[in-house]
């Protein structure tokens, strides 16, 4: 009944279907692995020790302003010594904490030794309209906090621009380059113990480690690829079954057994031969003259 599947044309179609299924399964498995990696990195970020871990000097993690904060460094407890630059204190609006609106208070720390400044978020203040924050401590200070990666435009509450003077839309070096007359590290530190009148800012998970929309996109793509594989199998079985049923009906005489037109000779331009007994073959003898 299914011997027609062994013909060269049907074998080629079967091979193509198998190849499509293999590709779909491989792509789905790859997307599932991407989702698993994000889940694992999210779990590691949650289990990473917090502020109770031994602190390391900031200069040992980031030496120059060009150094990037890797996923393994984000969340580390660091210390830095220097003086706050009270003249360039900034507020970062639209930063919610536990569902309540508020803003960050950010002050640049001019580290000892004349290196690049470190953006320090001294804490969070509740309120929709940012107000002038209290002045930072004067004199030499040593801060302790959590090292954070620079924010991007996808950060909740981030502003690309258009803010009043004294406000910062995104915490990153490129946003500070025209605000302060000195170099700044492309990172920031959230104080473990906020200054008076402020609340500590909880650490932010490293980029790509959280179960964000991209992680669930990987999971959705996984389902799509597996659905494609199932669709290919379904269509192959459907076509094979329909052709087998059609051939069976022809063998049983349920439908006329029409010849395969692909195997018929090319008779274009050849006049058709009338069938025996047809009207065209019948001739009439002329009547005898009287």
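The first residue you see is number 1, and the count goes up from there.
Just so you know, glycine gets a Cβ as well, placed from its N, Cα and C.
In TrEMBL, annotation is done automatically, which means it is predicted and not curated.
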128-160, 161-193, 194-226 - the one TrEMBL records as region 'Disordered': 128-160
Which listed span TrEMBL calls region 'Disordered', if the choices are 81-115, 256-290: 256-290
Beyond the flanks of the transmembrane segment (12-33) by at least 6 residues, Cβ under 8 Å: 5, 218-219, 221-226, 228-229, 232-233, 235-236
